[in-house]
Amino acid sequence: MQQQCFSKLSLSPVRYIVLDNGLRALLISDYSGPAASEDEDSDGEDEGTFRLKHGLTCVFLQSAAALCVGVGSFSDPNDLPGLAHFLEHMVFMGSEKYPSENGFDAFLKKHGGSDNASTDCERTVFQFDVQRKSFKEALDRWAQFFICPLMIRDAIDREVEAVDSEYQLAKPSDSHRKEMLFGSLAKTGHPMGKFCWGNAQTLKQEPKKKKINVYKRLRAFWKKHYSAHYMTLAVQSKEKLDTLEEWVREIFSKVPNNDLPQPDFSDMLDPFDTPSFNKLYRVVPVRKVHALNITWALPPQEKYYRDIFFSALSATFSYFTTRCMCSCRCWALALFGGNSETGFDQNSTYSIFSISITLTDEGFQNFYQVTHLVFQYLKMLQTLGPQQRIYEEIQKIEANEFHYQEQIDPIEYVEDMCENMQLFPKEDFLTGDQLMFEFNPEVSSVVISAALSLLTPEKANLMLLSPEHEGQCPLREKWFGTQYSVEGVCFCLCVCVCLQSVHSTDFTLKASDCTDTEFPVRIAESDRGCLWYKKDIKFKIPKVPQLLLFRFPHLTPPFFLYSVSSSVVLFDLLVNILGHNLAEPAYEAEVAQLEYKLVAGEHGLVIKVKGFNHKLALLFHLIIDHLADFSASPDVFSMFKLSKCVVDVRLLILEHSRWSMVEKYQALTAGLTSGELMEFSQKFRAELYAEGLVQGNVSSTVSLQKLQFSKLPAEVPVMFRVVELPLQQHICKVKSLNKGDANSEVTIYYQSGLKALREHTLMELLVMHMEEPCFDFLRTKETLGYHVYPTCRNTSGVLGFSVTVETQATKFNTELVELKIEEFLTSFGEKLNSLTEEAFDTQVTALVKLKECEDTHLGEEVDRNWAEVVTQQYVFDRLDREIQALKQMTRAELVSWFKEHRGENSRKLSVHVVGFGAEENDDEGAGGRKQECKEEDLRGSTYGEVSKLTFLLPSPKMAGALAIMDIPPFTKDLPLFPYHKILG
């Protein structure tokens, strides 16, 4: 047995142990003193809380555990691609000790918990969290998946469908498509070329043809690879370390150890040392985007984690491209350089260094010049060699960020730790993925120089993505169907750029200059704005999140400056170009871990800055100054286009004056000019209402400096008005906006109306009761899709709930899915009628404890307070009020509440976004439609996305519902709810 304490590096006491079966465990204790009670009955105090001096109540964090198995998709047998991923799903299908197929998920939902799992190239990770009181039992239930899983034979076909749905959901993702195409370039027989996802073809159809017994192979794979000696476990709870060790030894010592060697691929180096790698691949993307990816396959870099070559090079590249391409030549909108640290980007066989550049139209036409600039800059870095000054500056920034880091959500922290235990020696478990260590001229210089020397044009792979490639790419990747072509590359090369940075040096905690309060207080108010402030007295870190909202009348009727959608488009462009203008001057702040975000909100501009308070004010004033001096040349104006055409049909129907991306696209193509944008920006800055929240290690002052504006001519609403649905079911079916995308989505929405805080809390409780049976019925038993979930809906203050299923048109018709959702709701109503008082009380307690759960970091508290400010509700103690409401609710009230929404007087809206596939009467691969439909008069597209909404008529199966064939005619005569705030 080995033990080691890491207390100096961790926010909590930590212990490392090795069990007799070889399983390694990291124990993390949040214990800070005895609870008021260890049994539920003493002193009337809830378990999970304890009293501090001065009457303050401290609430515990969730308890969490994560386990990493040192095996992944690299170990898939060649005749069963995706088996490791499939096993990750199947181990949850009951155990000998707890045989219920969905028992663990049901247990977690009952006790306010959650779980997840993921399969990477060489690792598989499982994690869960739950309320502390139920942690030991949850650990025991969870551990059985690694001790004696049943992997119920009858569940195989159903769970294959879940894996296939996950694959189908990934198919329209350009990042996943690029990965699969890139992997296909590996040497024959190298595991990088494997199809790691798995689908119905590889796990069901092909095995059936080849007479492969998938169940036996699953059990054999588990027996061979799920062995204790290459498992790592991290647990975190509000228990003493001795207690955690006792639990872990008692429960996890039963995990079998087969003494077989761990899968090792470290001898399979240079997977991309092939003629096909150093080529230019022209790719047709799903999205309307131009992008250039320049990638090198380097020797594995994980063992050099102390030098973190990628961090230093990524920082210099970001600076370079910001200056040389974004600002000067209008060729690039964004650049990322580095390594994502996923198993695909970094494993025991190689490490990627990739530069991803989002190009403008001009940048796409000049992509070779962009590429030349990158190689020129690399040549300069190779000539200069490793720069100790730059290394140490980044090292200092990383060290400050680590030293003053906020606490991480336990489920995320244990996930990180169990993976780190696979990668680093025990003394570096906590820091190996976060800190850069001392610069060693004899070691660091050699490591960095060696990696730099490989970043040459001759070793680079280029992928150029553009919709302009449509019709020019005859090749097709096997699994995701990505269209591409291949051609040779030639380069000519010399420039010089220098990197400077700033970083914070003052980390003292500021003294309060006003009375400390539990919630934000308004410290300034006028007819032009107000400011809310709260000094951080809980987390005590030298950081400040600061948020500011500029409310603007000309985004809301009847104040539109231009046509309805043109005003919204101009506002979007203003915010995008403001961000572009800030890219270079704000770069140094970003390197120093100061962050900013600009959001074009529904009713104004949101500015968010956060980071170490020492220099944060400089960044904030920089943003305000650039807003005050906003400019957009015609060249810069022409760079920007609207983002991906996604559409939330439900909100388009419900929210009056909401404009879709399709309508914005119309306005943009109608010919807006940079002159109109400048006129709009002047109006925007002339009449504003500024409302801000400053919270953290800061005094109660904030300045807008030279931004001058007048008060608003009238009060601006902070929410949309919402349509009151008729007392009859309506259905709206639209075709997917991505051609060839098989994914469909069905949402059944029930509108409640204007309700108080108590009803909103009751709806949360109803949805919490619904979650596990919804998953069990619609996913586990009916296998309709990978994502199925109920949701409590707060639509601009109007309450409702919905059930959503994401499925595929190659498997299910959306109308069948709706009928299955209705079948579930009927069965749920019957289950609710038979709900016992004990089960009701258990669920109420679980929701109460979730709301009592302690914030893990300052950002969570700030986000909650900001939501109150931005909606002008200011109910900062909303959680406390909801808890009190929950404690007064009854079982009869919950049952009655559900019946109200399902009766004859229900207001029901069904929304179907219909994918392309045989179940929807589409010609396979052609996108041809046989359904009768009505199309909006919008310009189509010859590539992935389309710019029109196509409305479909429902079949006679939906005879009880009225069809919505166009949104404005349906909503124009419907009454609107008044603006509503949920105040009490």
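Each residue, glycine too, has its Cβ placed from N, Cα and C.
Features as listed in TrEMBL:
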- 62-185: domain 'Peptidase M16 N-terminal' (DOMAIN)
- 215-396: domain 'Peptidase M16 C-terminal' (DOMAIN)
- 402-487: domain 'Peptidase M16 middle/third' (DOMAIN)
- 505-641: domain 'Peptidase M16 middle/third' (DOMAIN)
- 766-866: domain 'Coenzyme PQQ synthesis protein F-like C-terminal lobe' (DOMAIN)
Mind tallying the domain 'Peptidase M16 N-terminal' (62-185) by DSSP state, helix then strand then coil?
63 helix, 22 strand, 39 coil
Can you tell me which of 62-185, 215-396, 766-866 gets the most C-beta pairs within less than 8 Å of the domain 'Peptidase M16 middle/third' (402-487)?
215-396
Based on DSSP, tally up the residues of the domain 'Peptidase M16 middle/third' (402-487) by helix, strand and coil.
35 helix, 12 strand, 39 coil
Per DSSP, how many helix, strand and coil residues does the domain 'Coenzyme PQQ synthesis protein F-like C-terminal lobe' (766-866) have?
61 helix, 20 strand, 20 coil
